[in-house]
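Enquirer: Starting off with a structure, shown below.
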Amino acid sequence: MNFLLTWIHWGLAALLYLQSAELSKAAPALGDGERKPNEVIKFLEVYERSFCRTIETLVDIFQEYPDEVEYIFRPSCVPLMRCAGCCGDEGLECVPVDVYNVTMEIARIKPHQSQHIAHMSFLQHSKCDCRPKKDVKNKQEKKSKRGKGKGQKRKRKKGRYKPPSFHCEPCSERRKHLFVQDPQTCKCSCKFTDSRCKSRQLELNERTCRCEKPRR
């Protein structure tokens, strides 16, 4: 019984869809009913009709429900009021500022398994406006951040104290690895200590900073 009711519901939905399609084909396009084949459309009318506004647009259901790939929808697209059109500046784009949801009955089919009429919600636009494009806005924000950063860096550089640089002569040209040099005083000291040399039964030569055999 339920199966029969589903098919009746399906048949009625298909009939209504076909009738509406025939009516839409027969009805003249908005503003085109009295137009002559070679008539030139005036600038003001072209401008008004092409400017940013809400207009009925056929939207693919999979565009709105990308995760429901296991289903087939009938119809596969739905008429929705969406923002479209041109703005007076290339840096602006037509975007929705007021939106609302509309519920539609859609035939939802799972091949070889089930089919039913489902209530599906879609977003419609009720008001549009020309706003700065995202990429332009991001570039402006980056520029302002860069400008602030540069100013701060300059201030830091100006306020930073640079101590005078000292250049010390090397303690030894050949045996640099044996010496440790203080960069501020340029004083040289031996890397190895006397106790280390004595542990090897040697003596520290403070001039060469090497562990040598004791003199007798």
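From the backbone N, Cα and C atoms, a Cβ is placed for every residue, glycine too.
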Enquirer: Consult Swiss-Prot and report which candidate among CYS52, CYS168, CYS171 shares a disulfide bond with CYS94.
Expert: CYS52
Enquirer: According to Swiss-Prot, which candidate among CYS128, CYS130, CYS168 shares a disulfide with CYS83?
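Expert: Checking Swiss-Prot: disulfide partner of CYS83 resolves to CYS128.
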Enquirer: CYS130 has a disulfide partner in Swiss-Prot; which of CYS87, CYS168, CYS171 is it?
Expert: CYS87
Enquirer: Let me know the DSSP-derived helix, strand or coil state of CYS87 (disulfide bond), please.
Expert: coil
Enquirer: Restricting to the same chain and to sequence separations of six or more, state which residues have a Cβ under 8 Å from that of ASN101 (N-linked glycosylation site).
Expert: SER121, PHE122, LEU123, GLN124
